[in-house]
Amino acid sequence: MKYQFNVAMACDGCKNAIDRVLTRLGVEDKSISVEKQEVIVTTDKPYELVEQTIKKTGKEVRSGKVLE
């Protein structure tokens, strides 16, 4: 499954924090853009689990959707 999230990020530190938690979750295929405030992941993990994992960084997940 491929998911897209709109996440409030201010800097590369925010990006790195999200990258770390997603890597720990086992998500290898990911794109994180501070400029677009966007996180796109391709994984077999459930949507809710990925969303909650991103929220654990303290960042606001403004919206999200399943792309495919």
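Yeah, the Cβs are placed from backbone N, Cα and C, and that goes for glycine too.
Listed in sequence order, V34, T57, K59 are the same-chain residues six or more apart from C14 (Cu cation binding site) with CB atoms under 8 A from its CB. Residues annotated as Cu cation binding site in Swiss-Prot: C11, C14.
Residues or ranges marked as domain 'HMA' in Swiss-Prot: 1-62.
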Report, as a single number, how many Cβ atoms besides its own are within 10 Å of the Cβ of C11 (Cu cation binding site). 9
What does the DSSP secondary structure composition of the domain 'HMA' (1-62) look like, as residue counts for helix, strand and coil? 23 helix, 18 strand, 21 coil
Mean of pLDDT values spanning the domain 'HMA' (1-62): 97
